[in-house]
């Protein structure tokens, strides 16, 4: 192919001159123009306009260059068009994320009747048997909150402590043969050896640790910390009274009024709010009802308006940063004891703390060793703490007239100086929240309709005005006044130190019982409210508990006399028990056998060596020797089997002293016997002769002492709810705070259990009673969602003959997406599975489980799509306001899903599905583009567009820079080519 020629500047000027002359002649044919063959030479100085026209010619001189320019402009046009579409779709994606979704309600119960297969009902006509199709009744019962409750047959114990005991059992054949068995001593020895050797083969010998790792002092410290670890007593050193009847604290949001949605979490100070009365009587006065309290302010509780010499509180809310709130209680205990020990006075057995425990606001020498300073917002969450501890009353007022500011002199306030309101200013800026009138009055329309016009009035429905002013959201005439209410220094005492010191002398039970009379109510209150003033506080008087130990003679009263044990046996027992003298220990998690009351019982059992053979002498005296040995054999076998199963044979152990020392009822004692464990840790033979044998069995007992027993229990199975939106299926379920529901005396108790062991009963270290989830309970439980496959089916047969069904499709009239209990009166096939009737045919609606609070849940509209794209569980909650807040916080991450995650065509398809029910036309167009890029153009084109989409914000800038560089290169290349041609 012949290469296209590009004219030089001289040639182009000659060609342009000919072109202009031809154009002139064609325009004016009456003129006669001679077109010369040669044009004069190019002048030395070519005009700029002529040079620019020549440059434009060179850029488009050949068809190849024209084709490249066309492709370049098409590429730029496609990029701009695609970027515009993506920007519009991004905005639609953002709107779809925060759009409210469906409301899920689990309170569904209905019935459905459908036709099934042939039943056994028939009629004879001649020789034919004609079957009648009978309807199969399918009973459908909804499951509230998606929680199925199944009976829990095992009681649940909240463990208080575990008692560790050790014992030696002596089995000596001489004890029986003396005076009872004369002829068959060898047979008796063989029988005893056979059983004991079998037991010895299965017992691993080990030594119990000497002494209890939890000493008496450690045990007392643990008990005291669990009860009063955060309790303190403050001596005011005088009579302290709060000076005002009301609190002007406008930095606190007000409780929602007039049906407004709750924007802020519940604040403790709201219970003291004085709202404007809706309707009053004609003779009603504010002074008679509220005293000098302003309507719209907060009331000071009456106990803080009376003389108080002391204050007591039990709360960890004021601790400074040293306190590890997120760590286990054992770590918290060690930290608290360490810091309290640092600030304790050096006086012996005094609970007084040094002033360095206070912050500087409460003591001139305070360094905040224990407590942090009280900030202005603490009055909203802990008003009782501020009223009890503060030495200064700081008002935070937006009421007209306070600090001398009124409407006419508002600009004198530093924040509103030279303030001129414009349309751009915040509507609350430099305005009073409460406007002051000339007087207050009661106005009546008739005898039954009177309303009160207060001295101060304002927009009460803007309950966050003061909070926004406190956070400097706009300039405001804030009035902050400081009123000194107390000048003397405080004296602080620790109840934990008092408990530990006095328990070492008077006993832990005596001290706890006396302290509970004073602090018992506080320990059951929340950390924000456990603050009360007290007048003339004194520490309780303790009494020593001296309980005389019964002698061995008294123990034997009313019981049959045991035969004396030989001196040789006593010596062996003393040798064997030498290492057990202090082996009252904790093998598992035993907290206390150091209680002084229990010590006597421990020694009783430890020193009371059971001679098994003697326990049966009275039963076998009247029998023949052979039968006597068989009788003994049966007892040995029973002992061996129980020991191998780690059970205690209570037939041979007197447990009355345990019940007496613990002071428990017969029912609790039955539980103790049932849950007690016996661990054999050594079996050895001390004498082995042809006619005589002796064995010693070393046993360690664990006796579990419960604090609470829960008997009527239900386990929960959390089924959740299915949601299909944006073309995808997801499962939504409430993260319940409890695992078991207990019904004692007809009352629902929701239990959360930790560190549980499933033995004969369920024994737990911690059992907490928590509020349930529901719209009316005030408990905002988290809700989780996860993506599922296109089809989901869960069928679980129940023990009563019904079926638990959760399906994404419907069949046999069974609804989709909701969990239901199905009961049929005959065999029917649903979901390709046979449902059979119960053994007892009964289809009435059965109350399978206790009732739970009503709950309606609104989820985000794109819950399923978000879960599908991310492939993770996304946390939402049961109030739509909280959902919007969480989505707003995660907006950056969610918007990043559009272009920065995955393949570009796949995202277009997902976005098309998401906008189908909101923007159908654009949805089909977007889905078509995604299908074209994925199916037609292939992976290369799709990957290229995915990359272009990823760098879209800077793509146009790079394109423009590239074009400028390309043009400069082309111009330079043309100039060099021209020089070479010349």
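Every residue, even glycine, has its Cβ placed from backbone N, Cα and C.
As annotated by Swiss-Prot, topological domain 'Cytoplasmic' applies to 1-63 (among others).
According to Swiss-Prot, the site 'Required for Gag-Env interaction' annotation covers 12 (among others). Long-range C-beta contacts of residue 12 (site 'Required for Gag-Env interaction'), restricted to its own chain and to partners at least six residues apart, with a cutoff below 8 Å, comprise 54, 57.
The Cβ neighbour count for residue 15 (site 'Required for Gag-Env interaction'), using a 10 Å radius and every protein chain shown, is 13. Annotation comment: Swiss-Prot describes 15 (among others) as site 'Required for Gag-Env interaction'.
Per Swiss-Prot, the feature transmembrane segment maps to 64-86 (among others); the stated evidence is sequence analysis.
Taken together, the residues of the topological domain 'Lumenal' (87-953) have an average pLDDT of 73. Annotation comment: Swiss-Prot describes 87-953 as topological domain 'Lumenal', evidence class sequence analysis.
Among the features that Swiss-Prot reports, N-linked glycosylation site is placed at 118 (among others).
According to Swiss-Prot, the N-linked glycosylation site annotation covers 266 (among others). In this structure, residue 266 (N-linked glycosylation site) belongs to neither helix nor strand by DSSP; it is coil. Its Cβ taken as reference, residue 266 (N-linked glycosylation site) is surrounded by 10 other Cβ atoms within 10 Å in the chains shown.
Residue density at residue 283 (N-linked glycosylation site): 8 other Cβ atoms are found within 10 A of its Cβ, drawing on all protein chains shown. Per Swiss-Prot, N-linked glycosylation site is recorded for 283 (among others).
Around residue 307 (N-linked glycosylation site), the same-chain residues at least 6 positions away in sequence with a Cβ under 8 Å from its Cβ are 239, 240, 241, 535. Under the heading N-linked glycosylation site, Swiss-Prot lists 307 (among others), citing sequence analysis as support.
The annotation N-linked glycosylation site is assigned in Swiss-Prot to 390 (among others). In three-state terms derived from DSSP, residue 390 (N-linked glycosylation site) belongs to neither a helical nor a strand segment and is classed as coil. The Cβ neighbour count for residue 390 (N-linked glycosylation site), using a 10 Å radius and every protein chain shown, is 17.
Annotated N-linked glycosylation site per Swiss-Prot: 409 (among others), in sequence order, evidence recorded as sequence analysis. Long-range neighbours of residue 409 (N-linked glycosylation site) (same chain, six or more residues apart, CB within less than 8 Å of its CB): none. In the three-state DSSP scheme, residue 409 (N-linked glycosylation site) is classed as coil.
Residues near residue 489 (N-linked glycosylation site) in space but far in sequence (CB under 8 A, at least 6 apart, same chain), listed by position: 237, 355, 363, 364. For 489 (among others), the entry in Swiss-Prot reads N-linked glycosylation site.
Shown in sequence order, 309, 310 are the residues of the chain, 6+ apart in sequence, with a C-beta less than 8 angstroms from the C-beta of residue 536 (N-linked glycosylation site). Summarising the annotation, Swiss-Prot assigns N-linked glycosylation site to 536 (among others) and lists sequence analysis as the type of evidence.
If you look up Swiss-Prot, you'll see 548-567 marked as region 'Disordered'.
Look at Swiss-Prot and you will find 569-591 tagged as region 'Fusion peptide', backed by similarity to another entry.
Taken from Swiss-Prot, the feature N-linked glycosylation site covers 654 (among others).
In this structure, 800 is the one among the glycosylation sites 800, 825 with the smallest number of other Cβ atoms inside 10 Å of its Cβ. Taking Cα separation as the measure, residue 825 (N-linked glycosylation site) is nearest to 800 of the recorded positions 15, 266, 800.
Mapped onto three states, the DSSP output places residue 15 (site 'Required for Gag-Env interaction') in helix. Taking CA atoms as the reference points, residue 283 (N-linked glycosylation site) and residue 390 (N-linked glycosylation site) are 38 Å apart.
Note on proximity: of the recorded positions 15, 266, 390, the one nearest residue 800 (N-linked glycosylation site) is 266, by Cα distance.
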